[in-house]
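Remarks on the structure that follows.
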Amino acid sequence: MNRLPSSASALACSAHALNLIEKRTLNHEEMKALNREVIDYFKEHVNPGFLEYRKSVTAGGDYGAVEWQAGSLNTLVDTQGQEFIDCLGGFGIFNVGHRNPVVVSAVQNQLAKQPLHSQELLDPLRAMLAKTLAALTPGKLKYSFFCNSGTESVEAALKLAKAYQSPRGKFTFIATSGAFHGKSLGALSATAKSTFRRPFMPLLPGFRHVPFGNIDAMSMAFSEGKKTGDEIAAVILEPIQGEGGVILPPQGYLTEVRKLCDEFGALMILDEVQTGMGRTGKMFACEHENVQPDILCLAKALGGGVMPIGATIATEEVFSVLFDNPFLHTTTFGGNPLACAAALATINVLLEQNLPAQAEQKGDTLLDGFRQLAREYPNLVHDARGKGMLMAIEFVDNETGYRFASEMFRQRVLVAGTLNNAKTIRIEPPLTLTIELCEQVLKSARNALAAMQVSVEEV
């Protein structure tokens, strides 16, 4: 039976939500009611599949961890007042912590003046952020296109590469096995997981996938393309595969890919949506090898965990294809004043507090601890790996990985799996995580594995 629109119901629902937004705390009855509402509305109006996905953060089927507020720079608080150490970081958006006061203040100050731009007059913060990124990024990267997400930044990169290379008769892209570049149609064509790709086949033509980290396979793809006249327009890579399971390539791999691109006249697109903004111990992961891409994709942490923003930064030679018609690729909300204010403040915090260096030091501490645990529990843990504050613990199978996430939740530490590798649990905390909290995370991981070991022995 068709449901008629109800203005009265919509008004009541929005008013109820606004009342909740105004509240700082909830009493016990309000908390229980909110939990029930959120679960019901997710089931009936968002997507019931998300409830199954979040089964590791529920007890007794009540999905008690309904997110309510940030506890501190490094923690989250649910509606029951339980505080969790955040080792997920919103999949890498909270590099400067939760509600970083510098970022929040910048956004609030801009909100008091002009939240969104007119679209016709020149907006100053977009210009200032573009200038800042030109100074911050490696090599000849100079011009920025701003959008709202990592997927959008990849879409822009692919379109830029097409616009630049099509007149040169080059139409083919090389991506890698295990890659994740987003789920819009263009980005999905570069993404490598069949689960995400198959329902939307056929995707964009002209994408080849080669094994990640295998420079011989990459070289062969270039050579074969040259022989057949199907020449390569661009290579798109993550310096470290995030959703693939935090997979690090062999040292020198990016350097060799850069050489191949130069030899065959292809563009190098680096997707640093997850590895960028200090996450791996450098501002950008490509700096570990001093590699300079032609196009760089950023998002996630660029907005400081306060505003969504993505950026596609390119050299003048590549970006100039948009000079004659700047409306070839645009987006209404991309580069809006609030998002740019957040990004500028985020960059300021990263540099002022030298957070990339902190990520390297704290990451070493955590990774050493996880590797020790892997040695102690070889029947549960297959590997521990990472760079900076982008780490992963790979378990012997998917179910063991899920049990670890569930046990860590009981220890009040938030972790989750990677999208392309279910048995791998990512450890991706804010770069502001204190040494004391690092030690607490390792203690919790030890407790979780010990509990899992007892269960195994009882069986």
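Just so it is clear, glycine is given a Cβ too, placed from its N, Cα and C backbone atoms.
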Problem set entry | Additional site residue, GLN82, GLN108, GLN274, GLN372 [criterion: listed by Swiss-Prot with GLY150, THR151, THR332 for pyridoxal 5'-phosphate] | GLN274
Exercise. Roughly how many Å separate the Cα of GLY150 (pyridoxal 5'-phosphate binding site) from that of LYS300 (N6-(pyridoxal phosphate)lysine), to the nearest whole number?
Worked result: 7
Seminar exercise, completed: Cα-Cα, LYS300 (N6-(pyridoxal phosphate)lysine) versus GLN274 (pyridoxal 5'-phosphate binding site), nearest Å, comes out at 7
Exercise. So how far apart do the pyridoxal 5'-phosphate binders GLY150, THR151, GLN274, THR332 get, largest Cα to Cα in Å?
Worked result: 24
For this session: Go through THR151, GLN274, THR332, the listed binding-site residues, and name the one with the sparsest Cβ surroundings, counting other Cβ atoms within 10 Å.
Result: THR332
